[in-house]
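Heads up, the thing below is written out as structure tokens.
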Amino acid sequence: MKFSEVFTSKDNIQLDKRTLVILRWIAIVGQYITISIVYFYLKFELPFFYCSLAILIGALTNFYLQFKFNKNQLNNFTSTFFLFYDLIQLSILLYLTGGVTNPFTILLIVPAIVSSTFLTLRSTINLSVITIIILIVLTINHLPLPHSGDLHFHVPDTYLYAVPIAIIIGLIFLTYFGVRFGIESRKRTEALNKLELILAKEHELESIGLQAAAAAHSLGTPLSTITVIARELEKEIGNNPKYSKDIDLLLSQTKRCSDILKNLSKDQLEEDSFLSDIKIEELLSEIVKSYTE
């Protein structure tokens, strides 16, 4: 595969809508449960209304995606748009709840990792760059981490700057393997589709051969009858020049038809010498190599 082709959007790169909807519902429900526990159970101070509003907007977009969006397969652009929105929504929640000091900051890398597995490299790079920018912004500017009224959580500047660096390293590491996994998975899928197409054509040819053999068997009896009648006529007519040429022509054409039917009635299931001499592993390897060249 050429390096330039990696950045090219392909029509067959799609994300199942059901997969994205389930992932987003898990994130939305988890976010609301988390802020509810922190606010109502732990009695920590946080802007609960604005956090709930951000989560509600996310839920509305997921309702739209699930019930109003007609396509079951999302193309690369649509999938990237929803992942971008999820990234922005999560960054707003993190800004309201402590920025990079919030332990849930690690979830910022999820959209880029999902993109690296299912979408194009261009979408993955765009989401990764946006994630890095958001991490830098949340390191510099954010509201305090939720805490009880008599206790304030403070971290040293060294730790504060080390958190986004660690997350960025993890982002690069995981997206790289996600991209490699996605490319190899698509190669195997294309190779399997090509093999299935070859097998379907072989099955079609086999079916045609069987039909030809059946037709040859069915036509054998009428041709034999015609041959017998023609020979009887030849004996009765003798050397009559008026009919002998026609009878000779009839016998020759009957013999020709008989030879054709004999060839058709041969075993149509004989193994191809190529397929009999090659292993299935070698065949699959050659198909995969055809996509890498």
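Cβ from N, Cα, C; glycine included.
Annotations in TrEMBL come from automatic prediction, not curation.
What TrEMBL says about this protein:
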type	residues	note
DOMAIN	207-270	domain 'Signal transduction histidine kinase dimerisation/phosphoacceptor'
TRANSMEM	21-41	transmembrane segment
TRANSMEM	47-65	transmembrane segment
TRANSMEM	77-98	transmembrane segment
TRANSMEM	104-121	transmembrane segment
TRANSMEM	128-147	transmembrane segment
TRANSMEM	159-179	transmembrane segment
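The residues of the domain 'Signal transduction histidine kinase dimerisation/phosphoacceptor' (207-270), classed with DSSP into helix (H, G, I), strand (E, B) and coil, number 55 helix, 0 strand, 9 coil.
Confidence across the domain 'Signal transduction histidine kinase dimerisation/phosphoacceptor' (207-270), taken as the mean pLDDT and rounded to a whole number, stands at 72.
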